[in-house]
Amino acid sequence: MKRTFIMVLDSFGIGASADAKKFGDEGADTLGHIAEACARGEANVGRSGPLTLPNLSRLGLGKAAEESTGTFPVGLDKNADIIGAYGYASELSSGKDTPSGHWEIAGVPVLFDWGYFSDVENSFPQELLDKLVKRANLSGYLGNCHSSGTVILDQLGEEHMKTGKPIFYTSADSVFQIACHEETFGLDRLYELCEIAREELTDGGYNIGRVIARPFIGDKPGHFQRTGNRHDLAVEPPAPTMLKKLVDEKGGEVVSIGKIADIYAQVGITQKVKATGLDALFDATIEEMKKAGDNTIVFTNFVDFDSSYGHRRDVAGYAAALELFDRRLPELMALIKEDDILILTADHGCDPTWPGTDHTREHIPVLVYGPKVKPGSLGHRETFADIGQTVAAYFGLSPMDYGKNML
């Protein structure tokens, strides 16, 4: 019975890539800088002391990071008994965004340039805004700028509730984000507005990767909270991913947990499971692993590392989340059967010590575990697509155009 379980620790980079300077990210290191902050006692909110990741260390995380940066992460166990194959991968794709990273993991790197809204203020073309106002029958809009999602809620949330005007904002990523109050504006209306925005962006040739619905609740600044009803409207990958090939060539199952289905625009996904928060995502993953049959991929995105801690530059929160993930990892590993493969990886970096609020261009860890996986170094992988090629080979699928089998 062949089953693969892919866990993406969203934004968990392990050191700047060779081309990081081009992105303004030279020297970024999500894992390394979190570990250093913990060792200095600068991440003692909700946790304390050095970063402690014994289970990830046994899978080779520390050694993969050392291969990536030349420095072993402080606090991690240098003498851990290695039980998995480990390495680090560079990104071939042109961006450092979520779709690019995930598509490349699935064997389809993004070799074109996304469109971006690069102006920090008045970010969106007036023609686009006018069409959205007209088609969605809006009284106007707020924002129209670059912002962190939580900051803009405190700035404009109250005005949005009073006026009913949606909050439009973007970032350094190829995104058009719309924040609206679940109760005063309505979730269905927000989703409809996002569908209209997706159509207008596509028809207008803007080449924007995602429209993201950002629903929130609360009644005043400091009390606004984003809910778990986020919805991403992505464009489809430009070629068949290994997910789609498993479904088409083997009649296999691909179970999406968290935002995976949205990232791949639902293509190559046979089941969707919604869950919000690290523990809930873990619980859902464990349940689906227990049920998984032959020719199945269970694919989970642990978004909180990125959305709750990376972008918000919350070092202590990121460290605590990593330690929670590590504590729960044995539950997951206990479900691995004779022919199974477990892959732990990331899609980009988001160094919480780095200036700004955006992603960072970094290597990702590639940790592979299973009874038939030989422990040891996989070295430097030149593309995330090595993961997709490895999975394709494991299931006996037609080869991907990019990547090399690691096993």
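Cβ from N, Cα, C; glycine included.
Fair warning: this is a prediction, and the values are worked out from it, not measured in the lab.
The following features are taken from Swiss-Prot:
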{"type": "BINDING", "residues": "Asp10, Asp347, His348", "note": "Mn(2+) 1 binding site"}
{"type": "BINDING", "residues": "Asp306, His311, His359", "note": "Mn(2+) 2 binding site"}
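Among the binding-site residues listed here, namely Asp10, Asp347, His348, Asp10 has its C-alpha nearest to that of Asp306 (Mn(2+) 2 binding site). Look at the Cβ of each of the binding-site residues His311, His359 and count the other Cβ atoms within 10 Å; the largest number goes with His359. The Cβ of His348 (Mn(2+) 1 binding site) lies under 8 Å from the Cβ of Ser11, Gly13, Glu91, Lys96, Asp97, Thr98, Ser100, Gly101, His359, Thr360, Arg361, Glu362, Ile364, each on the same chain and at least six residues away in sequence. All chains included, 23 other C-beta atoms sit within 10 angstroms of the C-beta of Asp10 (Mn(2+) 1 binding site). Listed binding-site residues: Asp306, Asp347. The one with the lowest count of other Cβ atoms within 10 Å of its Cβ is Asp306.
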